[in-house]
Amino acid sequence: MAEHQRLKDHYKEARIFRHRLVVVGVFMMGLLSILIARFYNLQIVHYQDYVTQSDRNRVHVQPLPPTRGLIYDRNGVLLADNRPSYTLSLVKERVKKLDETLSVLSDLVAITDADVEKFKDRLKQRRRPFEAVPLRYRLKEDEIARLAVNEYRLDGVEVEAQLVRHYPLGDLHTHTVGYVGRINERELSSFDEETYQRYSGTYTIGKIGLERQYEALLLGKVGYQNVETNARGRVLRVLEQTDPIPGENLQLHLDSAIQKAGIEALNGRRGAIVAVDVKTGGVLAMVSAPSYDPNLFVTGISYKDYKALTESLDLPLFNRAIQGEYPPGSTVKPVNGLAGLHTRVVDSRYKIFDIGFYQLDGDDRRYRDWKRTGHGHVDLNAAIRESCDTYFYDLAYRMGIDVMHEFGSHFGLGQYTDIDVPSERKGNWPSREWKRNHRGLPWFPGDSLNVGIGQGATLATPLQLAVMTATLANRGVLIKPKVVSRHGEIEGSPEVMSQLDVSSIHWDYIFSAMKSVVHHPRGTAKRINKDLDYTIAGKTGTAQVVGIAQGEKYDSEALKERQRDHALFVAFAPVEDPQIAVSVIVENGEAGSSVAAPVARRVLDSYFEQERRREQQVAQQAELESTEPLQASHSSLSRLLAQ
């Protein structure tokens, strides 16, 4: 049995073991080499790349929006400020299932379909990854609490404290101050890289009015902070921060008390009012009625509200003060009368006999006066006082359009005023060239007659009429109108655009004639001089909306309300030392004397009331300052005596 048993070959077994050990060793060395190579590749070759990727996941740059500049009226009344508001925002890259998250959020806070639609629009317009996109503004305290309790199940959802633009006085200054609104796709597509960076911390931009005109000053400069976040996107700590620079504040010439007085005087009627400081060109009031609440647009207006505004026949979105182009009617008669005196076409003694109409030689057409029976013997003073059309037909024919066009242009008619509110229109002060270019027709004598009374193709904005009136009050010095008086520490100064050299005798004559409009028993605006403690130089006007055929009589009862004449009035006061000029138009108000003039009186009364208050405050302050040194000396003397 032992003979048949194989003896163990220890040598062979040892050799096999050594061979296997070498193979395993080589294999292990190979694995170790691979690991070392991989480690080298990760830690040495691609170290910076992976650090960068790690930082991208862990460290984020967040823009810090600057505080938008505030806007004040001339008395320091706040017109535009920024109010704290909690905003619900989402970071898409951190939200696993967007629709599911939106559904969960809708159970926690009030979210409308419009909110979701606007959110998705903002999401499309966002400018970089990991950017928080607002879903709901102005969260309530109980909504914030519910979101905080459910934070663990809301990855990518943030509740941020933001400053939201607010207009405390509502619709009082909408057309002038304007509003901010969400940056839309058209605006976004026009941004260059630098502009992108400037708006990286905000979703809003000035849309109209001063908010748009002074956007660069109001916006400020964006800041940044590097923050470290966890895997859920929550901020752990701030690594580095560059503070934003706030926008500049604006102080305006506007006076909210005067503005309010004008709106109340219009009493719900459509129209416009512009009041200008004669000495500086500062716009004290700029009313366009009806108006609307600008706060509706700040975080996105609802479809229902926007539809109501755009479909309203009263056109509340339309800025009548600078965009409404109306026939100025008889309000331009003082300018045309001054032109007649200056060019010596007429003098103060020249009279006509008005029988109620004017006819050109060889023309059967009768150019009618508003007073069918005529005014009888009329000189220029009476023609302005009683608004005699026939006198100005005759004067316009004698002067011709070339003289009227050149002279009226010096008063800003047919010209952009270059006011610091965007989108103004220039009206039309016709000329031969204008008619040839726009209508392909030569100029006819009858065209001049229409311009003589501010009708025909003549158009002016309420702002232009206020500037015209201020230029009259300034005796030919045209000062550029301006709404902003100061931005930051920079205060503006009056800017003279042109100056007309006319004899002081002629100026005195026109002033006297315009004064008689209000203060003479036969003046067309005599109704507003009751209990008046200052003097007014004014001119009434009526602007046709629809033409009246030859031989027909104007019958307001037969016309629809929106086809009736517009009522106008321009004025400056006091006559002896003009301080304020005002223009008023009441759409379809018919009578400048009984409708527009009383509105102007309310505005002027408010201005002088404000001035008296300002003077009293200055006097009280001066008295207080003068008594302080005296009180201090008494105190010192008392201490000495006590010792």
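Residue 1 is the first one shown; counting continues down the chain.
Cβ from N, Cα, C; glycine included.
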Of the residue ranges 124-149, 306-331, 488-513, 618-643, the one that TrEMBL records as region 'Disordered': 618-643
Packing count at Asp354 (Zn(2+) binding site) (other Cβ atoms within 10 Å of its Cβ): 24
Long-range Cβ environment of Asp369 (Zn(2+) binding site), under 8 Å and at least 6 residues apart: Asp354, Gly356, Phe357, Tyr358, His375, Cys388, Asp389, Thr390
Near-site residues: Zn(2+), ref Asp354, Asp369, His375, Cys388, CB cutoff 8 A to centroid: Ile352, Gly356, Lys371, Gly374, Gly376, Val378, Ala383, Glu386, Asp389, Thr390, Tyr391
Segment-level pLDDT (mean, integer) for the domain 'Penicillin-binding protein dimerisation' (64-239): 87
Sparsest-packed among the binding-site residues, when each Cβ's other Cβ atoms within 10 Å are tallied, from His375, Cys388: His375
